[in-house]
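Right, one structure below, let's go through it.
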Amino acid sequence: MLQNQAWSKDPFKVQDRTPARPRGPGLRALPPARAILCSLKGHLLLAESALSFITFICYVASSASAFFTAPLLEFLLALYFLFADAMQLNDKWQGLCWPMMDFLCCVTAALIYFAISITAVAKYSDGASKAAGMFGFFATTVFTIDFYLIVNDVAKFLKQGDSTDETTAHKTEEESSDSDSD
């Protein structure tokens, strides 16, 4: 202990002379997470997971507890897609069709939430069931917005691919017609 400490001019202060250990990057090692959380997709995924969790809690506390598995699964799937987008797993795992998986998840979630929300509001009379139904309707709206944006992104991507194919085909037609005139 005396080897690591040295006395200063003031006899009552002890200075520690242990070398400072370099610290690891910690949470700063996750920079993509901040970028995804600031984007529209990140906001939608956060809203999906929050609404799914709240709906899950409401269904557990209600007399319509038979419906609690759907919000639980959608909560876990929303967290998975949020984590996958934050860690850029879509770039690392090229074999999976991420937009299609996200699209199918959003479509099925919107349909299931809509069906169980109507049932919870119409069939059950307790307050927790009504609250679960209302949060389910909000979740349906958020999932619907998400799959609408996914469809628009895929349509833009396909149009971009078609326009480059058309320009390439048009250029080859011009080149072949020019060579025929010679």
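Every residue, even glycine, has its Cβ placed from backbone N, Cα and C.
Nobody curates TrEMBL annotations by hand; they come from automatic prediction.
Here is what TrEMBL records for this protein:
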COMPBIAS  10-19  compositional bias 'Basic and acidic residues'
DOMAIN    36-155  domain 'MARVEL'
REGION    1-27  region 'Disordered'
REGION    163-182  region 'Disordered'
TRANSMEM  50-83  transmembrane segment
TRANSMEM  103-125  transmembrane segment
TRANSMEM  131-151  transmembrane segment
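Taking Cβ pairs closer than 8 Å, the transmembrane segment (131-151) reaches residues 40-41, 44-45, 47-48, 51-52, 54-55, 58-59, 62, 64, 67, 71, 74, 99, 102-103, 106-107, 109-110, 113-114, 116-121 in its own chain, all 6 or more past its ends. Summarised by DSSP class, the composition of the domain 'MARVEL' (36-155) is 104 helix, 0 strand, 16 coil.
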